Amino acid sequence: MARTHIPGFPRIGAQRELKFAQESFWRGESDEQYLLGVARELRARHWQLQQDAKLDFVTVGDFAYYDQMLNLSALLGALPQRFGFDAKTLSLARYYELARGNAAQPAMEMTKWFDTNYHYLVPELGPQTTFDGGVEWLFDEIDEALALNLPVKPVLIGPITYLWLSKSHVAGFDRLSLLPKLVIRYSRLLEKLKQRGIEWVQLDEPALCVDLPVEWLDAFSAAYDVLGTSGVKVLLATYFESAAEHAPRVAVLPVAGVHLDLVRAPQQLDAWRAALPKHAVLSAGVIDGRNIWRADLGEIFESLQALHAEFGERLWVSSSCSLLHVPVSLDAEQKLDADLKSWLAFATEKLGEVATLALALRDPAAAEATLAAADRALDARRHSSTVVNALVQKRVAAVSSAMADRQSPFAERNRLQREALGLPLLPTTTIGSFPQTPAIRQARAAYKRGELRALDYLQRMRAEIEIAVRKQEELGLDVLVHGEAERNDMVEYFGEQLWGYAFTENGWVQSYGSRCVKPPIIYGDVYRPEPMTVETTRYAQSLTQRLMKGMLTGPVTMLQWSFVRDDQPRSTTALQLALAIRDEVVDLEKAGIRIIQIDEPAFREGLPLRRGDWAAYLEWATRVFRISAAGVADQTQIHTHMCYSEFNDILPSIAAMDADVITIETSRSAMELLDGFGAFAYPNEIGPGVYDIHSPRVPDAQAMQRLLERACEVIPAERLWVNPDCGLKTRGWPETEAALTNMVRAAKALRAKLAAKQPDEVTA
């Protein structure tokens, strides 16, 4: 009989309870005990959902107070030495300082978890890293679950993935040299699990789905030769891509089973079936853990029948990956179109899908009604008139190659823009958003509840825009933004104004820490019925004589940060988005806006995990960006913004986007990203972020000037812009004004220094 489990479950809570408890703790409004209590309640609730779905295992260890990689660093005793914290006595307050920074130290670096929109904190390792052990929250959670008589399956990120995703803080240090010590620590952790009577442990190794060098693969084999004989059965979990080429290697290791992502990489199944020994468990990840569409249970059931006949009780049915990447439950969705809602499955519903498949394998008659209901929903979706728009189909068919090209090359555009815009050396600007104050959030909530008239809401937003404009003028910024007071989210705001999009009331997923996003759903062809930002941007420009920058979200990011329809290629949906954004760019230019930013923070996130698959993605991703941007005159300056990214391996494609200015996240990595831009001789203008907006720490003007001087060593000052790392939506006004004051001072001081050619430095 097939068994059931999931790799992980969302931790934030159906009503974002963890987020609100975290932020209350950070503000000093509640203590650690309150936060611990909320976390305990959430874990128990999520375990009970798995029990209620009749899963054979309850997953424990997927919870984190901020991030699972940070949790693992704390458990291993591998905290950044620069903080001086003792991992064994780590408090939640200090745990959060690692994630958010403090007065003495900036936060740990944060970057994307593989090709998802989740962010993890990058471990900082070096020769002095000992893995002596740390705070054992994991075992507290296991004990909680055991006390509830639950069938516990702990989950940990595996040692190879942990090292692969870490960074060395010592130049030239080979972090793989730490593996022997790390394996010893993992072995001790597994021994503690054995002492608690744990039968199975899930060790996540998604790094096996990227292009690992051979020395890392050999290290993987050596590690699991040890860990597989710990006395606890190891389920080696891979996800997000195929790991088929490693099947022969894994087959000779003493691991008791493997988990495969058969949604993203169904083609790998045959290799694993051929390689796995007769005793090994195959965990089939057949329910999509990264998208919200109801599964075709009938088709999946048919495919599982042959596997079940072959593997019997060694077949486990599961989701493709952790359900962290989808909302918790459809129960709270009262306003979704009924037909659309019937096409969806969130995390809780996916538990039911996993259980239904196992039931169908055991007793087809018992699952017949549920399978039939799924078939009816899928059939209704296939034939719905809301999915296809003839106008969009006609326009997509008419797209030409010329639509992706600006009128002139960058050098000519740059000359014309310098004449038209009249900006100083090292122009200062921000990335777009300003603090979303309680007053802004309350007004938006009241408007959405129908308690505030549209005209009153418009007046309040215009008042906030004027505040943002006046503050920027006082700060001395060169290029202003309207502050995005009216925008709840950089994707949702636009999606709400496009056909083919739908929105949930409570479809939150965790992006990082307490930051949650509510991705819209692209269910049909995308079309812009009317301008989206023109009136707001025109109003903001009317308040000032300075340049006002229009702010849009790019087609790739709209795609990546939405739940995307799965009935046509993603590239087709991206092209539809590009055409909608192109129309908005043209309308902004007609309204007198001479600088327009098309944000693409998720551009790199869309890269396939395997380098061999990159070229096809980069071709269509750069094309749709260019189509979105190329409808304007040469004198109109197009900016783009990217954050949390490593660009060096895709710089030709970044250059091919042909944005006049790119702003990037660099402050946490001490401008190291710029080295690649310099070596590549990136031709266009660039704004390296000079301070980290994710930390409440305000760097002084001297520190920012040093970063700018470092940037000038790589990029000519004539092509540099000065800006923060990212938008300022999540920050408060006092720290925002303090940081921007220092940023402007740093830019002015460096301008003067470059003009005078003397080494005077600003004072803090």
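Placement of Cβ uses the backbone N, Cα and C atoms for every residue, glycine included.
Not measured: the values here are computed from a predicted model.
Look at Swiss-Prot and you will find R16, E17, L18, K19, K112, R515, C516, W561, E605 tagged as 5-methyltetrahydropteroyltri-L-glutamate binding site. DSSP classifies K112 (5-methyltetrahydropteroyltri-L-glutamate binding site) as strand under the three-state reduction.
Taken from Swiss-Prot, the feature L-methionine binding site covers I431, G432, S433, E484, D599, and the record attributes it to sequence analysis. DSSP assigns I431 (L-methionine binding site) to coil, not to a helix or a strand. Around I431 (L-methionine binding site), the C-beta neighbours below 8 angstroms that are at least 6 residues distant in the chain are V481, Q597, D599, H641, T663, N723, P724, D725, C726, G727, L728.
The L-homocysteine binding site annotation in Swiss-Prot covers I431, G432, S433, E484, D599 and rests on sequence analysis. Within the same chain, residues at least 6 positions away in sequence whose Cβ sits under 8 Å from that of G432 (L-methionine binding site) are V481, E484, M490, K549, M551, Q597, D599, H641, G727.
The feature Zn(2+) binding site is assigned by Swiss-Prot to H641, C643, E665, C726. Classification of C643 (Zn(2+) binding site) by DSSP places it in coil, neither helical nor stranded.
Sequence annotations record features per position, and here Swiss-Prot assigns active site, proton donor to H694 based on sequence analysis. Of all the Cβ atoms in the protein chains shown, 24 others lie within 10 Å of the Cβ of H694 (active site, proton donor). Reduced to three states, the DSSP call for H694 (active site, proton donor) is coil.
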Inset, instruction - Measuring CA to CA, name the entry from the recorded positions S433, C643, E665, H694 that ends up nearest L18 (5-methyltetrahydropteroyltri-L-glutamate binding site). - result: H694
Legend entry - C516, C726 as binding-site residues, winner by CB count within 10 A: C726
Legend entry - Most crowded position, judged by CB atoms within 10 A, among R16, K112, H641 as binding-site residues: H641
Inset, instruction - To the nearest whole angstrom, state the Cα distance for the pair K112 (5-methyltetrahydropteroyltri-L-glutamate binding site) and C643 (Zn(2+) binding site). - result: 10
Inset, instruction - Return one of helix, strand or coil for E484 (L-methionine binding site), based on DSSP. - result: coil
Legend entry - For the L-homocysteine site built from I431, G432, S433, E484, D599, further residues of that chain with CB within 8 A of the site's CB center: T430, V481, M490, M551, Q597, H641, G727, K729
